[in-house]
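**Student:** Below is the structure I would like to discuss, written out as structure tokens.
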Amino acid sequence: MNGTEGPNFYVPFSNITGVVRSPFEQPQYYLAEPWQFSMLAAYMFLLIVLGFPINFLTLYVTVQHKKLRTPLNYILLNLAVADLFMVFGGFTTTLYTSLHGYFVFGPTGCNLEGFFATLGGEIGLWSLVVLAIERYVVVCKPMSNFRFGENHAIMGVAFTWVMALACAAPPLVGWSRYIPEGMQCSCGIDYYTLKPEVNNESFVIYMFVVHFTIPMIVIFFCYGQLVFTVKEAAAQQQESATTQKAEKEVTRMVIIMVIFFLICWLPYASVAMYIFTHQGSNFGPIFMTLPAFFAKTASIYNPIIYIMMNKQFRNCMLTSLCCGKNPLGDDEASATASKTETSQVAPA
């Protein structure tokens, strides 16, 4: 084995020279230079500075403006809430531990940090699944008279939390475990060991199949059908130009969210699967640290995409920030089709 396994950790460094210490007790500067830990802390500080205001602003603007409280926006707000969980439950912890060079909060703190990071990521993934299904039902109309309403949105939000908890909670109760990963300053699922005492192998397989592969299949199926339907409707002119444009804009926004999710999380998932299927292979702490920390950027890209691609929300945000006055004037604010309201478009 090219790493050192302890009772509640796995350090990707051989202990032949006897330098390996518990990541809960002493700085891990034998894994990387102190300045590299400082860089991680600076990166986490940047994510906190960007992630908290932009996600809080998303919630605040939606609460302040009643016209933004549409069923589709419930799912988008769910993403903002999940991102705030990651900021407060994960990023602040990782910032502090990176400054100290090891996970100073012990195994209990590791469980909490790993839980919040996993919970936030899974809520994001399952929210994209719900959005994909919503787009499929609204645009493709497999049920001709179906309208995506408030009750459906609430059920969708509840579903994302149930599925996310089904992934994030088991390591807290004995099925797998959370351990420090990479440079030992943040925690995640144990992909490094089989750990039969906690049935680690079965949990990792369950997680990759149920909480990554199946959601991806659903998302790609829905958008494959959706692209075909949009092209067909455009060719046959089955709906008004305004409706088609609104549907396309919402669909484009959600597809971009999916693409950014894959950009953020696919490297982490790929490296985790490689480590799990090549246990005992030689890899350094940076190998897992970079994708793990890069995945954390997911907390800021969704609200940015939402603000940039949703004209109605952008105008409401400017109105809130400018004390009730929109500096762009009333013309843009009264633009016809709101992208977040297209989930209520009746079937043609």
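Here the Cβ of each residue, glycine as well, is placed from N, Cα and C on the backbone.
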**Student:** Which of CYS110, CYS140, CYS264, CYS316 is the other half of the disulfide bond that Swiss-Prot records for CYS187?
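**Tutor:** In Swiss-Prot, CYS187 forms its disulfide bond with CYS110.
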**Student:** ILE179 and SER281: same side of the membrane according to Swiss-Prot?
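**Tutor:** Result: yes, ILE179 and SER281 share a side in Swiss-Prot.
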**Student:** Which of 37-61, 74-96, 111-133, 253-274, 287-308 shares the most C-beta pairs under 8 angstroms with the transmembrane segment (203-224)?
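**Tutor:** By the under-8 Å Cβ criterion, the transmembrane segment (203-224) pairs most with 111-133.
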**Student:** In terms of Cβ proximity under 8 Å, which residues at least six beyond the ends of the transmembrane segment (253-274) contact it?
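**Tutor:** Distant Cβ neighbours of the transmembrane segment (253-274) are 121, 124-125, 128, 131-132, 135, 188-189, 191, 208, 212, 219, 223, 287-288, 290-292, 294-295, 297-298, 301-302, 305-306, 309-310, 339.
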**Student:** Summarise the topological domain 'Extracellular' (275-286) by DSSP state, stating how many residues are helix, strand and coil.
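**Tutor:** Final tally across the stretch: 5 helix, 0 strand, 7 coil.
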**Student:** At a threshold of under 8 Å on Cβ distances, which of 37-61, 74-96, 153-173, 287-308 pairs most often with the transmembrane segment (111-133)?
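**Tutor:** Checked against 37-61, 74-96, 153-173, 287-308; highest Cβ contact count belongs to 74-96.
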**Student:** Give me the stretch from 37-61, 74-96, 153-173 with the greatest number of Cβ pairs under 8 Å to the transmembrane segment (287-308).
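**Tutor:** Comparing 37-61, 74-96, 153-173: 37-61 has the most Cβ pairs near the transmembrane segment (287-308).
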**Student:** Using GLN279 (Zn(2+) binding site) as the reference point, find which of the recorded positions LYS296, CYS322, CYS323 has the shortest Cα-to-Cα distance to it.
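**Tutor:** That would be LYS296, the closest of LYS296, CYS322, CYS323 to GLN279 (Zn(2+) binding site).
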